[in-house]
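The next block holds one structure in the form of structure tokens; read it before the comments.
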Amino acid sequence: MVVLLCLCVLLWEEAHGWGFKNGIFHNSIWLEQAAGVYHREARAGRYKLTYAEAKAVCEFEGGRLATYKQLEAARKIGFHVCAAGWMAKGRVGYPIVKPGPNCGFGKTGIIDYGIRLNRSERWDAYCYNPHAKECGGVFTDPKRIFKSPGFPNEYDDNQVCYWHIRLKYGQRIHLSFLDFDLEHDPGCLADYVEIYDSYDDVHGFVGRYCGDELPEDIISTGNVMTLKFLSDASVTAGGFQIKYVTVDPASKSSQAKNTSTTGNKKFLPGRFSHL
């Protein structure tokens, strides 16, 4: 009984720190403005940066490698990335909010690999810059419009931004593209937006989009969705505006049973809750 009571207290304190209310996280501010921490990976993909290269990436953008405390502060307001990265003083780890079997070993908190003796190991980077441009965030509002960095001006080279949308249990997310103009190439290997029907960019891949044709609307299977924007080191374009609204579970659109395209809406089958 005592053990159970202690466990309940710990869970309450953790939930209170994240701002739980009515089954959702209440945080709808840009992570870069709130905590100043963001994730960076090499253009060639994940786990390509040495410690010196990771430092250079952060400093080039006017920041520095995040400390463990800074990464933990960002995690407590919803920063969740399933990728290990360099921190200050040669430390490596990554922030987990939602436990899962394929990310974080079923734990929450900073998954800490410790201070690495071999600074030539290759990981991603966690940078800290409270004055960075708006690039990514965690949204819990019932509806919102968000944009590529600098929109309506062209976005910069070498951007990697993540947006995480989290609504109440049982709700779905209706995603619509209002404007869309990215560098075009046949394989979408240069600049692109990726959409994931999940809490992170590890599971639930929906599609990768580039060029200037508006993608079709997408309705999620559950109450979470992740978007990733990446630009390369050369050509830029006008960027994008994306809108999402809440789909109530009682509405007809949320009752679709199969993946299909109706008009310009793409329905994704599945259960409602990812949290």
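One-based numbering along the chain as shown.
Every residue, even glycine, has its Cβ placed from backbone N, Cα and C.
Residues or ranges marked as signal peptide in Swiss-Prot (evidence: sequence analysis): 1-17.
Taken from Swiss-Prot, the feature domain 'Link' covers 36-129, and the record attributes it to sequence analysis. Under DSSP, the residues of the domain 'Link' (36-129) split into helix, strand and coil as follows: 22 helix, 32 strand, 40 coil.
Cβ neighbours within 10 Å of Cys58 (disulfide bond), excluding its own Cβ and spanning all shown chains: 22. Marked as disulfide bond by Swiss-Prot on the basis of sequence analysis: Cys58-Cys127 (among others).
If you look up Swiss-Prot, you'll see Cys82-Cys103 (among others) marked as disulfide bond. Cys103 (disulfide bond) counts 20 other C-beta atoms within 10 Å of its own C-beta, drawing on all protein chains shown.
If you look up Swiss-Prot, you'll see Asn118 (among others) marked as N-linked glycosylation site, on the strength of sequence analysis.
For Cys135-Cys161 (among others), the entry in Swiss-Prot reads disulfide bond. According to its DSSP assignment, Cys161 (disulfide bond) is in a strand.
If you look up Swiss-Prot, you'll see 135-247 marked as domain 'CUB', on the strength of sequence analysis. With DSSP classes pooled into helix, strand and coil, the tally for the domain 'CUB' (135-247) is 0 helix, 54 strand, 59 coil.
Listed in sequence order, the residues of the same chain lying 6 or more apart from Val235 (Ca(2+) binding site) and placing their CB within less than 8 Å of its CB are Glu183, Ala190, Asp191. Feature annotation from Swiss-Prot assigns Ca(2+) binding site to Glu183, Asp191, Asp232, Ser234, Val235; the stated evidence is similarity to another entry.
Residue environment of Cys210 (disulfide bond) contains 22 other Cβ atoms, counted within 10 Å of its Cβ in all protein chains. What Swiss-Prot lists as disulfide bond is Cys188-Cys210 (among others), and the listing cites sequence analysis.
Taken from Swiss-Prot, the feature compositional bias 'Polar residues' applies to 253-264.
Sequence annotations record features per position, and here Swiss-Prot assigns region 'Disordered' to 253-275.
The N-linked glycosylation site feature in Swiss-Prot is assigned to Asn258 (among others).
The binding-site residues listed here are Glu183, Asp191, Asp232; among them, Asp191 has the most other Cβ atoms within 10 Å of its own Cβ. Between the alpha carbons (Cα) of Asn118 (N-linked glycosylation site) and Cys135 (disulfide bond) lies a span of roughly 31 Å.
For the disulfide-bonded residues Cys127, Cys135, Cys188, the largest tally of other C-beta atoms within 10 A is found at Cys127. Long-range neighbours of Cys82 (disulfide bond) (same chain, six or more residues apart, CB within less than 8 Å of its CB): Tyr94, Ile96, Asn102, Cys103, Gly104, Asp200, Asp201, Val202. Cβ-based neighbour count (10 Å, all protein chains) for Ser234 (Ca(2+) binding site) stands at 10.
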